[in-house]
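*Asks:* The active site annotation in Swiss-Prot covers Asp11, Asp130 and is backed by sequence analysis.
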Amino acid sequence: MLAKRIIPCLDVRDGKVVKGVQFRNHEIIGDIVPLAEQYAKAGADELVFYDITASSDARVVDKSWVSRIAQVIDIPFCVAGGIKSIEDAGRILEMGADKISINSPALNNPELINQLHDVYGQQCVVIGIDSFYNEATDQYEVYKFTGDEARTQKSQWQTIDWIKEVQSRGAGEIVLNCMNQDGVRKGYDVKQLKAVRDVCEVPLIASGGAGEIAHFTDVFQQADVDGALAASVFHKGIINIDELKAELTSNGVAMRKRHGLTAQAEGVNP
């Protein structure tokens, strides 16, 4: 059995970590590097950094903080934001990131997934998907440019179809951001995640909705995701990562021990 991952998410805007509700009304949480170091020491298995306005501002992620993070943490981290070319990705990986994630740029140029896979390997390529449940049509729809309220727009893709497409092009991991649940702390969208799990053959990370420890237990046990990403519950001290992992372990969810990059769960592979 593979060990599951707990992944704090740090949304970055103008050099600060911020957090909104359903991708709106962002408040400043703090500085990037100290927060990264804090989470690494607190027992996080991995970190994800989203420069949330990079794509909508037509720029690549601000790389000035990437190398500083690599110097102070000993766990893997992923960086996202406006990565539109293999050169953009290469510079971020050279600065110490373990993975790069693309979202809107992949929707605009799906061939980019193939290119990144061929140059850097599948293990480096994460696809972020912002999925919105449309009650009127009873469909899950993929949105882009969600970091900028004024530019957010629906793409041509339905979520399940886009999952299949990115896998066929070489995605190594998928982060499903459930927009309806984002920041409201009422639980992950287990129904949608189960539907995605049925077609997703690569590691699947749940994002959006964590509010209490039971929500993590539910998403791991019911949707069989490989990792759970959360922001506000960690930023605001609502959930302690060590306590979360202890509770998950007691509920039969395999978790990694706190040994940085060599972390392993008892009796399982990392």
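In case you wondered, yes, glycine gets a Cβ from its N, Cα and C as well.
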*Asks:* What does the structure give for the C-alpha distance between Asp11 (active site) and Asp130 (active site)? Integer Å is fine.
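*Replies:* Cα to Cα, Asp11 (active site) and Asp130 (active site) are separated by 14 Å.
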*Asks:* Of Asp11, Asp130, which of the active-site residues has the most Cβ neighbours inside 10 Å?
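*Replies:* The largest 10 Å Cβ neighbour count belongs to Asp130.
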